[in-house]
C-alpha cells in the first residue's frame, strides 16, 4: 500500500475515471502505449475523424504537418508509429502549432513523442508538425485516439502512411484481430435483498448499523455469502449513481481490489477495477465475475455478482480467504462517469475475512483522528473559550475575591483559556499525523485553522507579558488582547462551518448549519443581555458632588440583585452551550 500521504477519501474521489474528465489538462501519459481511455465502455468501430499529412514522403529532419479533423471532440492522443510495427513505441517528436489547444507528452522517455488536448473544450481540428528523427523506420503512420464524450470514443484511428524515398514499397501487415472478451450475461433481480440472514449465513456490513434495505431507502448493505469455492456479493443502497466496495490491506488508498455498480441510462453496470497508488482507478475487463444481476426500484439500486474466492493468475484480484479492511461507498454518476463523493466511504474498524464466520458489523465514515480533531475543536471554540470570554467581560465584580493569589474570575478565565489553547494545539496536530502533511484538498478550512492556532499562541504570549493594572501600556494591552481574541473566535467559527462539510468529517445536514447558527445566536444574545443589564445597572449609580465630598447612594441592594441576575444568565447560557456541544459531539460519535 502507498504511504498515508493521501487520505482514504481519495478512494471515491479518484474513481472519477475519464480520459477527458479525469484528465482535463490532457496529461494522459499513462495511455501512451495502448492509447486506450480507461472508461469501461467499448470503443466505437467506425471512425468519424480523419488524419491528413502535408506530404507522403520524408527524410530524417523533415517537418511534416499533420492534421486531425472531424466532428467536435473533447480529447485526443496523437502518435507516430512504425507502419510495419504498430504495437511498437512512438517514433519521432512533434512541434506544436497552437499551444492553446494542444500540448506535448513524453512517451517512452522521448520528449514530445505524443500530442494531447490541453483542455476538455470542444475542438474540430488539430494541427501539429511531426519531426522525422534520424534512423526513422522506412514507413510511418499516424494513430489517433479521439474522445467525443465519456462513452463515445475511437481508439487508434489510422492515418496515411508516409515513406522514405528509395525504400521497398509498404505492404500492409497481415491483420491480427484480438479476440473480443466474452461479455458475461447480466440478469434482473426479481426481489429485494434482505438482511434477515446477516450474522447467521451472511457476512454483512450495514450503514446505519442494523438497517433494513427492504424498509429503509437510505440503508446501505454489503453482504457476502460463501458457496463452496466462490462467494456471492450483494450491494444495496440509494440510487444516486453508483455503489462500490473495495478490499484494502490498510486504511489508505492504493493497491486495492474494487468493484463498482454504476447506474447509466436506467441500467446498472457491474465493473471490477483496481486502485494503484494515487493514480486513477483502472477498470478491468474479462475478469471472471459470474451471476451478475441488478435491480432498480423506488430509488434503491441493488446489484450482485459471484466470484471465486481464489483467482490464481488473475492480476489485481485479492484472495478472499485473507482479511482486509473493507470500504463501502456510494455517490453520484452521470453518463456512467463517477463523480466526486460528498462523504467519506464507510470503512470497517478492523480487518475481516468475509468468507469466514458470518458477522453483522458496521464501520465509520470518519477515521478516529479526524473525529477527535473535530471534537476537540468544538469543545475549545464552542464552550471553553466562550465561557472564558463571558467571565472576563462581565464577572469581574461578581468573583473579585482572591483565589490562590489572584481574583477568582481571573483564575477561571485563565484556566479556560489555557484549556482552549491546549485543546487547539492537540487538535491542530491530528490532521498532520493523519495525512502525513498539509491537506491541499480541504479548501479554506486548514488555512483558517492555521490562523486560529497562530492567534491562540500569540494570545498566550501576550497574556504572559500583561502590564500591571495602572501601567500606561495596560490600555493598549487590553485592546490588543480583546481584538486578537475576538478575531480568533470569529475565524474559528468560520473554520467550524467549513469543516463540518469536509469529506473527512461530513456531519449530516442540514441541521448542522442551523445548529451552528443557533449556537452563534445563543452566545451573541447572551452577551447583548449582559451588556444591557450592565448599562441599566450603571444608571442606578448617582454620584453627587457637594463641597468636594462624593456621596454614593446606597448601592448594596442593586449590586446584589445584579450579581444574582448575572449568575442566573451564566447558568442558563452554560446549559444551552453544553446542549449545542452535545449535539455536535453525538453527531461525530455516530459517524
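One-based numbering along the chain as shown.
A Cβ is built for glycine as well, from the same backbone N, Cα and C atoms used for every other residue.
Listed in Swiss-Prot for this protein:
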type: TRANSMEM; residues: 6-26; note: transmembrane segment
type: CARBOHYD; residues: 50; note: N-linked glycosylation site
type: CARBOHYD; residues: 85; note: N-linked glycosylation site
type: DOMAIN; residues: 216-331; note: domain 'DOMON'
type: CARBOHYD; residues: 308; note: N-linked glycosylation site
type: CARBOHYD; residues: 321; note: N-linked glycosylation site
type: CARBOHYD; residues: 353; note: N-linked glycosylation site
type: TRANSMEM; residues: 372-392; note: transmembrane segment
type: BINDING; residues: 373, 445; note: heme b 1 binding site
type: TRANSMEM; residues: 416-436; note: transmembrane segment
type: TRANSMEM; residues: 445-465; note: transmembrane segment
type: TRANSMEM; residues: 490-510; note: transmembrane segment
type: TRANSMEM; residues: 514-534; note: transmembrane segment
type: TRANSMEM; residues: 568-588; note: transmembrane segment
Rounded to the nearest Å - Cα separation of residue 85 (N-linked glycosylation site) and residue 50 (N-linked glycosylation site): 21
Alpha-carbon spacing, residue 50 (N-linked glycosylation site) to residue 321 (N-linked glycosylation site), which is rounded to whole Å: 51
Of 416-436, 445-465, 490-510, 514-534, whichever stretch has the most CB pairs under 8 A to the transmembrane segment (372-392): 416-436
DSSP-assigned states of the domain 'DOMON' (216-331) in counts, ordered helix, strand, coil: 0 helix, 70 strand, 46 coil
The domain 'DOMON' (216-331) [mean pLDDT, rounded to integer]: 88
Per-residue Cβ crowding (10 Å cut-off), top of binding-site residues 373, 445: 373
Residue pair residue 321 (N-linked glycosylation site), residue 373 (heme b 1 binding site) - Cα distance, angstrom, rounded: 36
Length of the line joining the Cα atoms of residue 308 (N-linked glycosylation site) and residue 445 (heme b 1 binding site), in Å: 45
For the glycosylation sites 50, 85, 308, 321, 353, the one whose C-beta sees the most other C-beta atoms within 10 angstroms: 308
Rounded to the nearest Å - Cα separation of residue 445 (heme b 1 binding site) and residue 353 (N-linked glycosylation site): 37
Residue 353 (N-linked glycosylation site) and residue 373 (heme b 1 binding site), distance between Cα atoms, whole Å: 31
